[in-house]
Every structure is written in structure tokens, then in C-alpha cells.
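To start, the structure itself, in C-alpha cells.
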Amino acid sequence: MCKFDLYFFVYCVYLHFSTNLITALAPTFTRSLTDQSISIGEQLILICSVNGIPQPHVEFYRENTRLLSSDRISVEHDSTNTHWRMVIKESVEEDYGRYRAVARNTVGTAISESSVTKKTEAPTFERGLKYTKINERDEIRLEVKVSSGTQPITVLWYKDNQSIKQDTAHEILSDIHTNTYSLIIKESKITDTGRYTVKAENIAGSSESTADVEVIQITEKPTFVKKLTSSEININESIVLDVTVKGQPSPEVSWKKNGQQLSIDGSHIISRSEKDGNFSITISSVGVDDAGEYSCVATNEVGTEECRATLTVKKILEAPQFIEKLEPVIIKETETTSLSTTVTGKPQPEIKWFKDDNEINIDNVHVFAREEGVGHFILTIKDIKMADQGVYSCKAFNEVGEACTEASVHVSKHSIAPQFTETLRAIQVKETEAVNLSVTVTGSPTPKLTWFKDDVPIDIDNVHVLTKDEGSGHFVLTIKDAKVTDVGSYSCKAVNEAGEAYTEATVNVSKESVAPQFTETLRAVQVKETEAVNLSVTVTGSPTPKLTWFKDDVPIDIDNVHVLTKDEGSGHFVLTIKDAKVTDVGSYSCKAVNDAGEARTEATVNVAKESIAPQFTEILKPLEVTEGQSFQAHVTVTGSPAPNVVWLKDNVPVELDSTHVICKDHGDGQFTLVINNAQVSDIGSYSCRASNEAGIAETEAKFSVIEELLSPHFEEKLTPLEVDMGKPAMLSCTVIGKPEPEVTWFKDGVAIQIDHDHFSRKDSIGEHALIIKNLRVEDVGSYSCEAVNKAGKDITIADVKFPKYGFEKTKTEDVEPLFIEPLEESYANDGEMVVLECRVNEESHPEILWYKNNVPIEIDQQHMITEMLDDGRVKLTIYNVTGEDIGSYRCEAVNKAGKAETQAKLNYARYMKETVSDESEHLSEIAIEPVAKAGGFLLFLSSIVFFLIARLACWLFFLLFWYFCCDHVFKFPPRYEINGL
């Protein structure tokens, strides 16, 4: 007899006495109700266990309604009334809610509650999209049927990953009663060719169906619906030559004159193209040279069509005639007057201005002449004087004759108070230098000037101090051989009968000289022809520096007509070039000199020629190549300035990567787009857009790639697996094919539902894997992987079963490495940080090795750092990414039991990243245990059974001994019995 048996005997004696004292216990739940989520029609089972003395009775409630056994509901318990359950055979919508189990006996009550909610299910497609091939302009109808899923379900349509919205071209229909959804394109176009995807989603998840749609182009030779017609037009009028042409594909149109290509300059001759095949050219202000035979040539890949017409220009002659004559003018001195007239004639007359029968000198200073509009001329006289009085006439000439109009201009005198148009300015000079104080004054009659120093009239001795009248109201006071005693406040007073004016400035005489310095330097200027150029500088220095202007190191001739200079005071000077020409282009400099030194500033002046809009002289042409081949698209474009060229695919700028897609500039406006190793994804409408400041031109063509088809083939087939119960299992295979095959997993011939316990994954090289989170009995069987594409299909099969001795515990070092989360393709730019991450089963405790392009990586813990975390996650962190880091990375996990590897690429972020289904968030839930749960449970259960049988004999012996030998001492407690429901 062991100690345990002795202890048990003592406990039985204790129980015998104690049970006479415990007469009742309140109910307690040893197993409570649990929350559940089920679908409509699914069986609902709620289970609980309860203890108490006397044994409690349990009632079930939904909300506040008691549930009793019926045809659909069953309330059950075992013979001891300990274990209870409520079963609803086929649940309905009303069965969702809050449930309550109430346990009662004579002592008290206990309650256990749970919630039953509706299980959400992701939608699936009963009938998906199919490949469709249709003629252009026919109706495209794409239809799918969704078989199941929790409502509401949202259905979205996409073309080439771009969302499709309801509009005039696309009609989206849905029938919620039949779960049928349709996309209708009423009149199909070539641009409707592409890959269409329909996505059904609800709160539980989503499902997709994809298929290609091909629209076949209908070809038609160009024909002119509206042809050119011969016309006769007067000189200087405008005319529009227009045609309407049809054809498939849309024809390219060119214009000719007398059999030669017509020069379309965008101003005199303008070309337009509109929708529905309407093309036209507009000739403005037609001249004799515009007469001739015009033709329009329409071309497409099917053929060429041409139509012609003759344009005749009539020349009209008309002698000059003044329709607006000169009018007499009466004006006061110093005012400004204008004489205007309007003349007609064909050709346009030339005019000349006369005063008292003498031709007037148009100096653009005192006298100005200009033309406003056609035939309207104006003569302007500024700051008029008595000498300008007289008879003015305007004569008009052309090849037919001449005409004249005249009128008188009378100038009257009047008194004007003095006004200083040039005032005194502060001056600083060195000793022995001369001081020049100058003013310009206006007034009528001519004012009398008086000079003052410190408010005292200056003694003009004509030796040290001199004055000079330079005419036109300009006066100068000169102090020769300046001395410090000449320092003071100088003023000038002008007086006439109309009033007086006053100006004042200081004169400072210093001994120190200051070299010139430019506080405002010249700046580069770019203007168009006929515009004005203004070059300005500001210079300091003592004495005041003398400025000289240069062009290309040659002194500039200041003629005050084309080139002018102006001193704006305070050391600010401006050089103005009127009516700029291309010959004015060059390097301009300004040199400032005084006796203390010199300074120089320089800048360039550029005069741009007239801009010319871009025009393609060599256009894009349609191309078709086989997948894997290369194709080149050539264009030649003209324009001024040189146009900026951009390549587009389906109106989106082309990504130039210098490997797959390359753009070449050959000079002289010749450009080439090269696409190496053409893929189906390169199919589309390519265009070349040229632009400059004068306009935009574009040429477009279709590029086609003949897809290479390859039937699916498993390069690496499935292999049989033996996995312990409760452990993860992974089936993997590698398949190739073109286009990329669609892969489906089956168990015992039935498609596997991908859920929280079953995950699938794939990588960029065609490796597919099915992972079972925790292997159960129902997971054992025959598994197959089927790969299908438009070229055919292939299948591989393998069995999954438990090991022969599944209950045996596996040693940690015998667990083979397995990547639960593989590496994924990553993207980064230069200078960024990137983390490559995967996850291995942590119980395998493997050694981790990293490779780049199949070469072992040297981990320096600075540029590259590796980590392995307790949950099996493995990280490679790369800091400050460079071009040398781009490549293919491989992570290997190795131990005594075997080796596993995972591989992915690191690319530059500017490349388009392929979207791959990622199940890694589900894989993170996998908990791999060293011993299978089922095997461990069976081992434990068998041990318990063996132990109970072995001890039963001992217990029986003690009970018999107790009953026969000790009945006169001990009394058994009364037995309780609880009736059933």
C-alpha cells in the first residue's frame, strides 16, 4: 500500500464526517456559456456545467424569453443534471441576440450569459469574367454572378487597375435578386482594349475576377466627304479652305500648294483639325503670292486620297483719299498738341508730314509721328514753342495717285511761374577740384536767376566763381579750385512776373578720395526683337566717378536715337537700347573712374528671335512586335526655340529607366524611343509631345505586342508530407507559364477555402505555397495544385498525413526550418533606409545567412545590420541605400534538420510595384509547438486511465473494510436525487 492510498483512506473518513455537516450549496457554473458567431441555417449549441447541493436546475433564455424544447429547439442534460446544453437545429435571423442560462436550487441562483452574432462571409463569384473579343463600335457586355456573401455587397469595376464610373460611355447594372452585375460599353473603341477586373467586397473581405477584352479595329481607306472648292478672292482678304475626311484609323492630313509641302507658319497660314474629321487652313491678308493650286492629302495605313482646288487673287487699286482731314489748332506755349488724319487707298498709301511746305524732321524728342490702326496717322509736338507756329500738311502717295490735307497751328504766349525741372543736388568734392551746380528752370517770360551761399548773394568774380547760361533754361554755377571755405548751403532763386521758385543743396569739400564702387551691378537681360533694353547701375565714389559704357569691350556710340543714357541722380545711371535687334546681342559693361581708382560691372544682353511653334516632319507610325523583341519609335520635330520633347503612353508620361525604356536625342530635332524586351504590359497608344513657348504639337500611334504563350508546367512538384497533429504544414511548388498561370488548391478533389486556418502565398518567380496553421485530423488527405492559363493547364499531387508515431515528442534540434513569412519585394531611393524582413519557425533555432545576388553579405553593423527576434522574425536593415545595394536578396535558415530559404528583390522606388496577395498577417497567428497537441493529449489520457484502473482495486478493498468492520462507528450521509426536466 502506497502513501497515496493511505492519504486517500484518511480523506474518505474525513468526508464521511464532514458530509453530515454540509447540507446545501448555492449553484455555481463550472463551465460558462461562450459567445458565438454563426450563419443563418447553421446549428447553434450553447453548453454549460453547474454544481450545487441540491443539484441545480437550469433554464435557458433568449433576451427575456424562456426557451423550451420544441421541433426546432432542444434543451438537454446528462443523468446527473451537471452538464446542460441548448441546441437550435437551423438558426434564423431572430436567433441572434443575448442568451442567458439560469441555474436554481433551494439555496440560490447563478447566471451565465453569452452573445450570438451573425457570422460575416466574404463574397465569392459563381460566374466570373471571360475573355471577350469584339469588333470596334459593337457593344461590350461583361457580366458576373456573386454566389454568396454577407450583405451589403459593393461591386466595383476596373480597367487596367483604373476605376470605371457610370458615364455616357459606360453603363453599370446590378440585380440584387439574382446577384448579377453587368458592365456595358455601348460603342466600343480601340482604347477599350485592356484587362477588366470586377471586385466584390463586404465587411468580411473581397473577391476579384479578371479577364481581357480585345477590341478589333475596323480599317477604311480615307475618303473626302467634303472636298476643296476653287475660289476667287480680293487681295488683303482672308479665306478658309476646309475639308471633311473619314477613314479608319483616323487619317493623317497634310496640305500642299502647287505640288509642294505648304509652309504653315501659324500666323499668315494657320492649320486646324477638329473632331469628326474636319480639317482647314486659314490664309490671312491674302497676297498675290498666295494664288495657286492647293491640295489636301489624307493618309492612313489602308491608303491615300487627295483633293485639289485653285485659289485666284484679284488685285484692287484705289487712289489715296483723306476720310479724316487735319483740323486747325490753337495752343499755348509749352503745351503738347496732336494732329491726326485718316487716309484710305489700295495699296496702302505712304504718308509724309510738312510745315510751311518743308518736310518735318521727326526727331522723336520734340516731334513724334505714329500710325494707329490701318490708315490712321498722328503727329505730336511736345513743349510747343512760337517757332512751331505755321501751316502743317500731310501728303499721301501710292502707285495710283496722291492726296493732301492741311491745317494751321497757332501758338499763343502766356505767363508761367518759374519751376525747376532740374534742382540743385548735394555735391562732395576734394580740395582743388571744381564744383558745378546746375539747374534747369522753366517759365514764361524767362525767369531771372540769383545764386546764394548760406542765404547771402554770391559774388560772381568770374575767377573763382563763374556762372553760365547754357540755353533752354539750363544754368551752371562753377566754383574753381574748391576750398574748405566753400563748404556751405547753396541756393538758386528764379523770379518772373508770374512768381518765383527756389532750390537748395549743400556743397562739401573733403580732402579724401574714395574709389568707385558699384552698389547696383548690371544684370543679364533677355528680350524679344523690337523691345527695349534697360541696363542700370548705381555707383558711389569721391570725387563723382565718370562712367563709360562698352559692348564687347568697345565703347558704345551714344546716338540718343537707338542708344541713350540717363543720369537719374544719386549715382544711378541707365543705358537704354530702343527697338532691340539681334545685332545688339553681346556682353555689355560699365566702367566707373575717378582719381581714387576704377570699378567695372558686366552682363550679357540676349535678343530672342521670333518663336515658331513645334511641327513634326516625321510622325509616329503603328508598330507590332513579338513579346521579348525590341522596338523603336522615331520622330523629327522643328520649332524655335528648340521644343521640349515628352513621351507618353496612354496619355501618361513614360517612365525612362535607361534599361527597359530608353529615350535618345540624336540632335537636329530627331528623337527615338526604344523599348527593349517588349512585354504585353507595353501595349498601348504612344505619343510624342513637343512644346515650346510658341505652342504644342503631338503625334500618336498604336504599339502592339504579340503575346508569347507557354502552357503551365510545374518545375518543382508537390512532395508528400508527414506532420504532427497541431503543427503547421506547408506544401510548396514552382510553376512557370505565359501568361502567369492562375493557381487553385484542392484537397481530395474539392477546392480549398482560404480562411484563418489555411493560407496561400506566391512570389515573383512562380513559387506557390499552401500553409495549414494547425494540422487537424480533417486536414489529412490528398492535396493537389492546379495551374491554368489560356495556353493550357498542369497539376501536381501529394499526400499529407500524420507520422507513424505521431505521439512521440520531437526534439527541438530536429525541427526543420520553415519560413512562415517570406521576404517581399522592396523599393527604395538613394539615401533612404530599407528593412528586409521575413519570419522563420522559432522552435527550429536556425542559423541565419544572408546573400545578395548569390554572394554572401558581409554584415558591418553600420551600413547593414541584422536582427533575429524571439518570435522568429529576421530583419536586414540597410542604411543610406545606394545603387550598389539594388539586387536580389536571399535569406537562408539552417540547422541539423535541414535548410529553408526565401528570396526577393530590392528595386528603385520609381519602378511600378506588382501587387501580390499577402497572407503574412494571418501567418503571424501560427504557434508552432514542439509536441503535437493531439498526440500529447492521447498520451496523457492513456496514463490517467491506467492509473485509475490500478488504484481502483485498492479503493475497493478499503471501502469493503470500512463497510464491514467500521459500520458500528461511522454512518453514511443521506443520498440526494434530483429529478430530470
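Every residue gets a Cβ built from N, Cα and C, even glycine.
Per TrEMBL, the features are:
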DOMAIN    27-117  domain 'Ig-like'
DOMAIN    123-214  domain 'Ig-like'
DOMAIN    222-312  domain 'Ig-like'
DOMAIN    320-412  domain 'Ig-like'
DOMAIN    418-508  domain 'Ig-like'
DOMAIN    516-606  domain 'Ig-like'
DOMAIN    614-704  domain 'Ig-like'
DOMAIN    712-796  domain 'Ig-like'
DOMAIN    817-907  domain 'Ig-like'
TRANSMEM  937-965  transmembrane segment
Between the domain 'Ig-like' (27-117) and the domain 'Ig-like' (614-704), do 3 or more CB pairs sit under 8 angstroms, pairs being 6 or more residues apart?
-> no
For the domain 'Ig-like' (418-508), the DSSP residue counts stand at 3 helix, 57 strand, 31 coil
Go ahead and report the DSSP secondary structure tallies for the domain 'Ig-like' (614-704): helix first, then strand, then coil.
-> 3 helix, 59 strand, 29 coil
Summarise the model's confidence over the domain 'Ig-like' (418-508) as a mean pLDDT value.
-> 92
In the domain 'Ig-like' (320-412), how many residues does DSSP assign to helix, to strand and to coil?
-> 3 helix, 57 strand, 33 coil
